[in-house]
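Taken verbatim from TrEMBL:
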- 1-131: domain 'Nucleoside diphosphate kinase-like' (DOMAIN)
- Lys9, Phe57, Arg85, Thr91, Arg102, Asn112: ATP binding site (BINDING)
- 88-131: region 'Disordered' (REGION)
- 88-97: compositional bias 'Basic and acidic residues' (COMPBIAS)
- His115: active site, pros-phosphohistidine intermediate (ACT_SITE)
- 117-131: compositional bias 'Basic and acidic residues' (COMPBIAS)
Amino acid sequence: MERTLVLIKPDVLERKLMGEIISVYEKTNLHIAAIKIIKPTEQIAEKHYIEHKEKPFYVELIRYITRGEVCALIIEGENAITEVRKINGDTDPEKAEPASIRGKYGISKTENSVHSSDSKESSEREISIWF
Ligand SMILES: Nc1ncnc2c1ncn2[C@@H]1O[C@H](COP(=O)(O)OP(=O)(O)OP(=O)(O)O)[C@@H](O)[C@H]1O
C-alpha cells in the first residue's frame with residue numbers, strides 16, 4: 001500500500017472546479033484517505049517547495065500557491081504515486097495528455113491545477129507538512 005499527497009491548487013478552487021477534480025480521483029481504484037481545505041501560509045508553501053528555492057519561477061510559484069485556498073488530499077492504494085502522476089499529466093498543460101487533469105484544466109506551467117508527490121520519501125515529507 002502506497003500513499004501520496006495531492007494538492008488541488010488555487011486556480012481550481014477559484015473556478016469552482018474542485019468537485020470535478022476530486023471526482024477524477026474518486027473514479028479510480030485509489031482511496032481518498034484524508035481531505036482538507038487550507039489557505040497556505042508562506043511558511044507552509046516554502047517548506048513544500050524547498051527544492052525549488054533557487055529556481056527562476058520560485059517567487060511566482062509561492063505567490064500563486066498562497067493566493068487562495070487549496071484542497072489537500074492523502075490518496076492511497078497500489079502504486080498510488082505513479083498512478084496519480086499519470087492522472088495529473090505533464091507539469092506543462094500544453095504537453096500534458098489532453099485527457100489528464102492538467103491537460104484538461106491546467107492554465108500554464110505555474111497554474112497547473114494539481115500537485116502530487118514524486119516519491120515515497122517526498123510523500124511522507126509532504127503529508128507531514130499538510131496534515
Ligand atoms: N518552468 C516552470 N515555470 C513556471 N512554473 C514551473 C516551472 N516548472 C515547474 N513549475 C511549477 O513548480 C511546480 C513544481 O515543479 P516540479 O518540477 O516539481 O513539477 P511536478 O513534479 O510535475 O509538479 P508538482 O510537484 O506540482 O506535482 C510545478 O507544478 C509548477 O507549478
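Cβ atoms here come from the backbone N, Cα and C positions, even for glycine.
Secondary structure counts, DSSP: the region 'Disordered' (88-131) has 17 helix, 3 strand, 24 coil. Beyond the ends of the compositional bias 'Basic and acidic residues' (88-97), by six or more residues, the same chain brings 103, 105-109, 112-116 to within a C-beta distance below 8 angstroms of the stretch. Checked against ligand 1, the binding-site residues Lys9, Arg85, Arg102 give no residue with a Cβ less than 6 Å away from one of its atoms. Per-residue confidence over the domain 'Nucleoside diphosphate kinase-like' (1-131) averages 98 (mean pLDDT, predicted model). Comparing the recorded positions Lys9, Arg85, Arg102, His115 on other C-beta atoms within 10 angstroms of each C-beta gives the minimum for Arg85. In this structure, of the binding-site residues Thr91, Asn112, the smallest number of CB atoms within 10 A of the CB marks Thr91. If you take the C-beta of Phe57 (ATP binding site) and look for same-chain residues 6 or more apart in sequence within under 8 angstroms, you find Lys109, Thr110.
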